Amino acid sequence: MKILFVLISILYAVYCFSSEEDVDSAYLANELEPVEDINSEQYAALEPKEEQGRSCADMGQDCKDDCDCCLNIATCNCWFGRYFCSCTFGDYQTCLRKKGKCKRNRPQSCPRSNLNRKKG
């Protein structure tokens, strides 16, 4: 039974890949007609807007210093001194440091973890 299931799965996978290649090659050869959108007039007035540059960098994006990173606790981590810098997660101390030195992307509040607080 397991062998039959594996055989059917392999045949189905081969069928899917071969039919996908036929559609891709037909599309590249312009053999398929373009689909006409009946609501195209409705969206004709909307023009695509240019993406504006952000004033801060998300996690994993390039940065020059901690003030370039968006999140309050994000820090600019560099490999080999000042090369290959990117924004990574920091901690509460990072937020306090950013609050003191950053003029742009300055944190409004610094989150504290609830792990060390005593209850009761």
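Including glycine, each Cβ sits where the backbone N, Cα and C put it.
Among Cys56, Cys63, Cys78, Cys85, the cysteine that Swiss-Prot records as disulfide-bonded to Cys70 is Cys56. If you go by Swiss-Prot, Cys78 shares a disulfide bond with Cys85, out of Cys85, Cys87. Disulfide pairing as given by Swiss-Prot: among Cys87, Cys95, Cys69 connects to Cys87. When the candidates Cys76, Cys95 are compared with Swiss-Prot, only one is recorded as disulfide-bonded to Cys63, and it is Cys76.
Here the domain 'Agouti' (56-95) is broken down by DSSP into helix, strand and coil counts: 7 helix, 16 strand, 17 coil. Applying an 8 A CB threshold to same-chain residues 6+ apart, the list for Cys87 (disulfide bond) reads Ala57, Asp58, Met59, Gly60, Gln61, Cys63, Asp68, Cys69, Cys70, Leu71, Ala74, Thr75, Cys76, Asn77.
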